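Notes to accompany the following structure.
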Amino acid sequence: MSQKILFIDRDGTLIEEPKSDFQIDTLEKLRFEKDAIPTLLKLKNFGFKFVMVSNQDGLGTPSFPKENFEIAHEKMLDILKSCGIEFQDIFICPHFENENCACRKPKTAMLEEYIKHELYDKEQSFVIGDRESDMILASNLGVRGLRYGELSWKEIENEILSSFRSASYQRTTKETDIKVKVCLNGGKISIKTGIDFFDHMLEQIAVHGGIGLEISCKGDLEIDEHHSVEDVALALGACIKKALGDKIGIARYGFALPMDECLASCAMDFCNRPHLVYKAKFKKSHLGALSTEMIEHFFYSLSYAMGVSLHLKVKGKNDHHKAEGLFKAFAKALKMAVKIESENLASSKGVI
């Protein structure tokens, strides 16, 4: 099974590389690069596995005794393990460049098993390193390379997560032209549907759901808002479903109960068996330019496009607050349900 793998260089990327002799052969020389450990911990929580790939010139020769290397190397691994970080595999080439060996980066001989058996997902794997050879290795593996030094570890984290659990979706009909972009790990928020109150409600999903959300909609508002609201729901639902991918590791279930002067609740299950239970009554026919009857239709269309079972309920006096409560409750339940909390699929059937 293909995995999301980070192929990580060691010296100059994970730990500092001494400029004097380019060897970490004593404990005194062992220093971690800034933010390397917290970044790897966060990426681990998103299901990434780690593989170390390092060139160690002349390892095992009199100029670089293996026992000196291992003292610092084993200490580094012990520290990482104590923080919850372990490498699935460690590959080290001990040769000098002029030996023209088959294993030295950017050649791929050390990773032959990964290539032969397709053990890494090319779309969701990366090479992280500080040298041009690391970037060439990335190209040889068919994955994206992220160059440390040009990017900090925090910037590397953002680059990886922005490309992971993200999706774009476009829906074009004779009635509407809609573009949606979702990043479940957070990001830019920009919503323009031509219906101001609807924009305000969709913004609640982004802000309280902790997701990046960009929506642009050009619809036949000269007729009414029905097609725009319905098609935005369908496009948004399809985009969220696409961003979730195989759903491995997600919590799957979400429940929220925001309470102001009104009480709103939402229960959600990414079961791929769409269903909506909706209990809400409004005094007004419209909130701004949005018909209150379209709120139920929005969530109906959204639940079917997402493939979720959705239960929504609200009680209160103020119609604006009730509508906002429904969208906030949905957002909080969504945030809970899409959170990565394990390495497994949350289903005894093995599929959702």
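The backbone N, Cα and C atoms fix where each Cβ goes, and this holds for glycine too.
Taken verbatim from Swiss-Prot:
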REGION    1-164  region 'Histidinol-phosphatase'
BINDING   Asp9, Asp11, Asp130  Mg(2+) binding site
ACT_SITE  Asp9  active site, nucleophile
ACT_SITE  Asp11  active site, proton donor
BINDING   Cys93, His95, Cys101, Cys103  Zn(2+) binding site
REGION    165-352  region 'Imidazoleglycerol-phosphate dehydratase'
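Between the listed binding-site residues, namely Asp9, Asp130, the fewest other CB atoms within 10 angstroms of a CB are found at Asp130. Burial estimate for the binding-site residues (Cys93, Cys101, Cys103): highest at Cys93, by number of other CB atoms within 10 Å. Every protein chain considered, the tally of other Cβ atoms within 10 Å of the Cβ of His95 (Zn(2+) binding site) stands at 18. A straight line from the CA of Asp9 (Mg(2+) binding site) to the CA of Cys93 (Zn(2+) binding site) spans 12 Å. Sequence-distant contacts of Asp11 (Mg(2+) binding site), defined by Cβ-Cβ distance under 8 angstroms and a gap of at least six in the same chain, are Glu17, Phe22, Ile24, Ser54, Gln56.
The two recorded residues, His95 (Zn(2+) binding site) and Asp130 (Mg(2+) binding site), have Cα atoms 19 Å apart. Over the region 'Histidinol-phosphatase' (1-164) the predicted model carries a mean pLDDT of 95. In this structure the C-alpha atoms belonging to Cys103 (Zn(2+) binding site) and Asp130 (Mg(2+) binding site) are separated by 18 Å. Mapped onto three states, the DSSP output places Asp130 (Mg(2+) binding site) in coil. Other than Asp9, Asp11, Asp130, the residues of this chain whose Cβ falls within 8 Å of the Cβ centroid of the Mg(2+) site are, in sequence order, Arg10, Gly12, Thr13, Leu14, Glu17, Ser54, Gly129, Arg131, Asp134, Tyr148. Distance noted between the C-alpha atoms of Cys101 (Zn(2+) binding site) and Asp130 (Mg(2+) binding site) is 21 Å. Asp130 (Mg(2+) binding site) is 17 Å away from Cys93 (Zn(2+) binding site) when you measure Cα to Cα. Apart from the site residues Cys93, His95, Cys101, Cys103, the chain places the Cβ of Asn55, Pro94, Glu99, Ala102, Arg104, Lys107, Ala109, Met110 no farther than 8 Å from the centroid of the site's Cβ atoms, the recorded Zn(2+) location.
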